[in-house]
Structure formats: structure tokens, C-alpha cells
Amino acid sequence: MKFFAVFALCVASVSAANLDAIAKPGFPAGRIINGHEAEKGEAPFIVSLKAGKGHFCGGSIIAENWVLTAGHCLIFDEFEIVAGLHSRNDESDVQIRKVTGKHQQIVHEKYGGGVGPNDIGLIYVDKPFNLNALTRDGTAAVAKVNLPTGKYESTGEGKLYGWGLDNSGFSPNILNTLDVNIIGYEECKNALNSDAPLDPVNICSYTAGAIDGACNGDSGGPMVRITPDGTELVGIVSWGYQPCASTTMPSVYTWTSAFDKWIEDSIENYAQLL
């Protein structure tokens, strides 16, 4: 399922140079523009959220019982979490966990819905993920990603992952990735329209003049940085300007470090209910 805010109405005569002027904030259409296939086992922490037979959002395993995603993704009472997925056509190494109700979902209490700040959510799974399982070729099938510790910067070179539509508009069978340049709130604010619903709890990916904005990944999916201590989840895909395949504006993410206390407290409070 795809999520959209109110998009700009574009006619065929509008030139690419004018698209940024009419672009509107919206949720990503789940696209990896100018990306390439990820290596198997490169991102064992990413999960696919599926309702019925359809992928609707991404997420990241942060503990054996917990997945971190965008708040706007948690709209269904029941859905499946598919971990260990690399190729859509091969589910031989996947682990599937069922979410049976809202009692397994936590959306940030200050998230107001739609495009805006505090777009973050947690999912609890009753059956823990097996984080020690290996695929048939010996790669890690499922693993958790590190949350930022503050030791390393959240900005700089990063990577984005997702199964979204590619340049041609087709959904790839293989997990895709894209190298991105991560910028902080102030720099992102200067690159966006003055009325953009940006908040200090956001970070962005941006390459000036490049058309690789909000299409770059599934809502709720991970933006990571590779550090000497492992892969850190620095951002969660939140929103970007639409039409995403044409705008040169930044993509906007929930900045994970801004919610480290909320994540910790939410998990601890939930544990007391079990």
C-alpha cells in the first residue's frame, strides 16, 4: 500500500525546471531512484511489512522482539513482518512474524498524523527473531541494527535500502540500495521551502541538483551509516516532496538519535505489561 499526501496537480506542459515550485510534501511512493541491487546479507536488519500479499512499508530490527518504523506506517490492526527477505521470489530464508492487533504497536504520542514531526513507531513481536540463523550460503539471514550511541556523527555518507519501484516504475525482485549524503536539520531547512513541515527531530538526504529525493526508499525503511563499531540506524524514511521522481528537494527522515530516550522508555514500559 502506498501513502500519499495531497500532491501537486501537474499538466504535461510543465517543465522539469518548474516542478520544485509546485511540489508538495507527501509520503514516499516507495522508489529507489538511481539505486542498485544490494548484496545478499548486506542489510539483514531490514524487514518488509505486508498486509494481505502486498508490501506497504519497511522497518528495521533493533532487538529480537522489536522493529522500528515510521509512525505513519502503523495504520493496520493486523499485518505480517517479513525478515531475512532479499529476493521477492525467494522466501526460503525468511522469518515471518504476525502482528495481531494495536496492542503490539506503539506510535509516538506527539505524532499528529500526516506529514510532520515525531513520525516514529515500534512493533513488538511475540516470537523473537532468530538473530543467529544463517542462510544456505552462510550469510546472516536476520540481524539487528545498532541504534546511534552518539559516538559518531549522524551526517555524512549513508546508505538507504528498500524494495520500492525503480527508475522504470517496476518493483524490483531484489532489495535495492542507494548511497546518500546525509545533512542535518539546519542545512536541510535552508534547502527546503520556508513552509516545509520540518522539525529539529528530522534529518535529510540531499545532493544539490540531483533528482534522488523522496522516492529513495520505502516509508519506515532504514537510512544507515557504516561506523567502525557496526551499522547504525540514523534515520527512518518519513516524507519528501512530490512528485518525487522529478523534484530536486531533500528527502526527510525521522532522526533516530532524537528519540533514543523514547525508544528506551517505550520498550521498558511495554515489558512491564507482559
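Just so you know, the numbers here start at 1 and follow the chain as drawn.
Every residue, even glycine, has its Cβ placed from backbone N, Cα and C.
Per Swiss-Prot, the features are:
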type	residues	note
ACT_SITE	H72	active site, charge relay system
ACT_SITE	D119	active site, charge relay system
ACT_SITE	S219	active site, charge relay system
DISULFID	C57-C73	disulfide bond
DISULFID	C188-C204	disulfide bond
DISULFID	C215-C244	disulfide bond
DOMAIN	32-268	domain 'Peptidase S1'
SIGNAL	1-16	signal peptide
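Features recorded in Swiss-Prot, as mapped to the structure shown.
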{"residue": "C57", "record": "disulfide bond", "CB count, 10 Å": "30"}
{"residue": "H72", "record": "active site, charge relay system", "CB count, 10 Å": "23"}
{"residue": "C73", "record": "disulfide bond", "CB count, 10 Å": "29"}
{"residue": "D119", "record": "active site, charge relay system", "CB count, 10 Å": "30"}
{"residue": "C188", "record": "disulfide bond", "CB count, 10 Å": "23"}
{"residue": "C204", "record": "disulfide bond", "CB count, 10 Å": "28"}
{"residue": "S219", "record": "active site, charge relay system", "CB count, 10 Å": "29"}
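On the 0 to 100 pLDDT scale, the model's mean across the domain 'Peptidase S1' (32-268) is 89.
Spatially, by CA atoms, the recorded positions C57, D119, C188, C204 include one closest to H72 (active site, charge relay system), and that is D119.
For S219 (active site, charge relay system), the spatially nearest entry among the recorded positions D119, C188, C204 is D119, judged by CA separation. Per Cα geometry, C73 is the residue among the disulfide-bonded residues C57, C73, C188, C204 nearest to D119 (active site, charge relay system).
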